[in-house]
């Protein structure tokens, strides 16, 4: 019994601590305050401070009691603890910013620091202090001043003359000022910006910082070294709305008295910098005129020498403030995603790049590199060496809308690494007690693990491996806020257990032995009051503490930042009143837990980081309290101690790949050709190979015995040497086991995003021009179609094989997934509203068990919310257009037009509606072949009798007019026509005249401004069976068109010969045509074999549109003005493609040069500043490039093995310096598809200096396009062009900058023939035989406000021409009154009789008085008229009494001589004519009638009257077209010579460009009903 009693007593004694623990209740003290947030702790103290409304309050007892700080005046906007003096210093900033308060004794006393007068007219908006890690007296005060101002946009010098000028924003004017102090704020001196600021720079930034940012800084710098970045920004308004930036990065060591600029960045735009422990990182903007351009990263460890780091992708939106350095000296570089229009997506981290230990080679987290694009959470606790936790979530999942996400399985994933990222594992849930509460098998770690979502630094308080987080257990496919729970880990994050079924805020104390958690939602426990939970056994058990109020928790924190204390602050708020919040601040004290017991030695255990493995050459361990120990550590204000033991042997984990090597799929370091090019290993040898060690010891690794690393021989063949431009070219290669079937760029300047589809129907996205390519997760659906929105450049739609539609409005960064209507996909393209991004029409098949089912028919479905919901709009519709959004002046903005084909009918009708066919439905045409829209017109093809077509045109959707084609002798039935382009108020159309397959050709036509009246520009223009035409309008230049004609069209039509093609060019939009002038010598300096001076026999011919593999590969580029490439030959006709060479022009086609002997593919970059050629249809390992506009060419080897390049491409604007090659190479076991991204950014020394007002500068000059200053469209134009080949242009719309030197006199080239007139071989416009001019009075019907009209002269002025004076070939006839407007017409031209009669009578009276005076004084008193015959010169018989008499007599004598000479001349002429007639009759006998010689241009004006006599109806009376007061002489430059130009005056017409609205081609074809042409023609 005694023994039993003893055991019972002992058990009772052991139970006492546990009972005390269970019964323990923390001390909770409540404080109520108004608008109080951000409670701050002084390190190693019991003092807290917080801002309450606009004042500062302080607590000296861990938050139990608070008092207002006395001595602080004014309104306080911000308080913060000095990061380098956390124990005792804090700063409070005032609202007006001209002063602040500082404490150096934990808030007991505050000193007011007054900042110096900045010289600005206003007080600073805000100021804050930056301190020094080593010297408490060193301050940098940074202040921001803003005031609203109006920026003057006017530029009198340039106004009206130069086009494309930028407009400066009116914006708030802001300036940064930096003041430095070395005496604790007693005095300051300003560090003034070294940039001059002008009135157009509304933003001036000064960002300065001490070069030492930590007490253990490794940077080689003095304590007084200060780095400053000065920037001036000018916001420019163009279509990109992008700021222009100039910058200077400087160093000062004397507090701003002298500034030393970093030479390496003098010609660069520094976007930002970051000073780390052992590195300084500088980010430079690739393009100063595009703040969204890619950036380069420069790294230095001595503030003197900077090296450019290698980036695996484009860095565009770095989060500079988040760049930091880990314990191994590696730079962690977060990249934010593009600036989305979606507010919730802004500022989200999208990718984490980690450098090697040298800071020079960056790479992404390995398991995220090839996954779908998403956003990343990244956390690296400094007290857990080598530990990283990262979460990746695809943005496609984030953008799913409610009710539409059921079928979406886009998976996110969270992983952890405990060895510095060498290996990664899932966050394992090891919790058998709660296994049944999860929806998946937690023992299957790969498919059931903890997924973390939020970008927060969980567990930032140091603990011995005890972490908490919120998340969801699953495979990552479902993640919703309501599903989150709270989890805890005791092994540094490797395994986790469930803590709560709801998400919580949490904090830890006593090194993790005390944990406090509070639910975000007070209703989690089914009562309205809030509560918090606490654990005293490292999360094993939890106790609830009930609060009496419902609060929204804002923060919970340990009062000791090092996590050593056991006191906490909980700050929550309620929305008690409209003006602000009521805060409830709870001080929670656990210091007396376990009866105030302090842990002893046997209460502790060792916990090993990374499961005891070596990390950084060291094994780490922490002494921590055992989980069930009934005590607290109570080492308040002592930092958590980490014990380390160096590892004896180094392993591969202690090494990283050398710069020239990358890890392959197996983790082995293998040579990378592109990195070898960037390094200098081959610069030091002349041998073909060089030995290099593939591994290097990680900087800072502490393992004792290094490994033996064997060198690998690297090939140096083809590697450029240092000092050459080729050394700076960066190539990135990607290999695939599939072929890319489709690709297309998004046409924006934000980045170089493109979408690709492979042969398996998988979609891939790249945002850096193909450098990195990531697969799009389509949830297992094959992508069967891709549609880009032609009106919104960031939008595209992907169709899945299972009925899903994936839409993106941010160039593929995020996708919204929706289900298409329950209808069969017919493969018809979407039709978009030009003015509403989310509105489009989808076509699906209804009742289509089979596509051949009798009841299967098409239905047009309408969506107004981007595909979230669809409604049936119209049955049997196969093509609709939002007509109201297309017209400039629509009759109704909501009008929709649809082509309808009833199942029971073989015809198609055109219907319209203004309410999406709910109640309004109007039949426009009952029977059509098809219709299309282009350039503000809608053109409808209507069948006519005898299998002909007729075209009708509308410009408002209501009024349709028949398109009148010219009557011509060689035009038969109108069986097929192709709409080529509509621009500048005219439609270009190809009317087929021969439709025999393989022998197709036709006439090129051009319309008037409303598209209803066409004239022939050129005959026998080549087309193919698909309706495509050899026609291309040169981009960026007015009126230049290239076309191929069938020179032997008559014999081709008779089936006697195959086509023989010739290339023609026009410089005035088809009015006149010439053959291309051939170069005199080829690319080898040899003369061409054909040497005829006649261009008809020897000219340059180019392969055209009908032969292209990719119709996007045009001759020209809209940004490279005047430049064109083409594959062709010099000779009488065009030769087969393989026999041709590559030619180039820089003056819009006036002169050409051969650049390559074989066919090459080409691409333009940097607005023509970089040109690239690659062989076509032959394997190669090199490209040719030019940086001097094609004058010289260099070859560059871009890969080690030869590949067959399928295509070369770049961004649609041709403004980038990066090109993408698609190639195919033979590999063992088959072929592999490859892409090569070739980056030329670094070959240029600098960016060209551009004046945003368009003025000339050292790098840009205005010059004419060609070799002569010819007039084109009635004016002489000069274009702004780069003059220095060593600089690059960048994001400047250079093609928009031009200026008109003068308007020229009108010449024949400024006119074209009017309707029913044709251009004869002599260049004149003649009326078609048997026809009359068009009824000129029709214009009155179209324009009811007109009161008069004019008859046609046969000519009309080309719409683009601005000529003045000169020829008036389109001079109107006398005006005629419009029908019904006779009264107004008379009022306009009638003249009042009163004033006219007065003037007339006055003139008559003056004449009569003068005549009577002369007669009376000079004739009558001198003898009258009888004496006329007696007057002789010098006769002194006349009466002359005064000067008046002498003047009158002289007048009389002069009159006498004039009249007598006229009489004599008439008599003499009569006699000579009689003699001449007699001689002619005798010599020529019976020959009668005039004889005319052939007219050439030099004779045009001189012989016009003779030539055109008797042909007034042909509009050839030039005398009425000339300005009576003008000089009619035509200069030599204005009139071509017969030898050069006469061949252009044929009876053949011209061709036109491809409409921009078509996704694949720029041509639309409308054919006859019985045509055999393929389906891309409207039949």
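Glycine is treated like the rest: Cβ placed from N, Cα and C.
Among the features that Swiss-Prot reports, N-linked glycosylation site is placed at 96 (among others), with the record citing sequence analysis.
Under the heading N-linked glycosylation site, Swiss-Prot lists 170 (among others).
Its Cβ taken as reference, residue 447 (N-linked glycosylation site) is surrounded by 14 other Cβ atoms within 10 Å in the chains shown. According to its DSSP assignment, residue 447 (N-linked glycosylation site) is coil. Under the heading N-linked glycosylation site, Swiss-Prot lists 447 (among others).
Cβ neighbour count for residue 793 (N-linked glycosylation site) (all protein chains, 10 Å cutoff from its Cβ): 16. According to Swiss-Prot, the N-linked glycosylation site annotation covers 793 (among others).
Taken from Swiss-Prot, the feature N-linked glycosylation site applies to 1010 (among others), supported by sequence analysis.
Under 8 Å, Cβ to Cβ, and six or more positions away along its own chain, residue 1303 (N-linked glycosylation site) finds 1274, 1275, 1362, 1363, 1364. Positions annotated as N-linked glycosylation site by Swiss-Prot: 1303 (among others).
Residue counts for the repeat 'BNR 1' (57-68) under DSSP, split into helix (H, G, I), strand (E, B) and coil, are 0 helix, 5 strand, 7 coil. The annotation repeat 'BNR 1' is assigned in Swiss-Prot to 57-68.
Annotation comment: Swiss-Prot describes 101-112 as repeat 'BNR 2'. Summarised as a single figure, the pLDDT of the repeat 'BNR 2' (101-112) averages 94.
Annotated repeat 'BNR 3' per Swiss-Prot: 179-190, in sequence order. In terms of DSSP helix, strand and coil, the repeat 'BNR 3' (179-190) has 0 helix, 5 strand, 7 coil.
The repeat 'BNR 5' annotation in Swiss-Prot covers 487-498.
The repeat 'BNR 8' annotation in Swiss-Prot covers 861-872.
Here Swiss-Prot flags 1184-1195 as repeat 'BNR 10'.
Feature annotation from Swiss-Prot assigns transmembrane segment to 1398-1414; the stated evidence is sequence analysis.
Summarising the environment of residue 96 (N-linked glycosylation site), the number of other Cβ atoms within 10 Å of its Cβ, over all protein chains shown, is 15. Comparing residue 793 (N-linked glycosylation site) with residue 447 (N-linked glycosylation site), their Cα atoms are 38 Å apart once rounded. In the repeat 'BNR 2' (101-112), the DSSP tally of helix, strand and coil residues is 0 helix, 5 strand, 7 coil. Per DSSP, the secondary structure of the repeat 'BNR 5' (487-498) breaks down as 0 helix, 7 strand, 5 coil.
For the recorded site, residue 1303 (N-linked glycosylation site), the DSSP three-state label reads strand. In the repeat 'BNR 10' (1184-1195), helix, strand and coil residues by DSSP number 0 helix, 5 strand, 7 coil.
In the three-state DSSP scheme, residue 793 (N-linked glycosylation site) is classed as coil.
When the Cα atoms are compared, residue 447 (N-linked glycosylation site) and residue 96 (N-linked glycosylation site) turn out to be 56 Å apart. Taken through DSSP, the repeat 'BNR 8' (861-872) splits into 0 helix, 5 strand, 7 coil.
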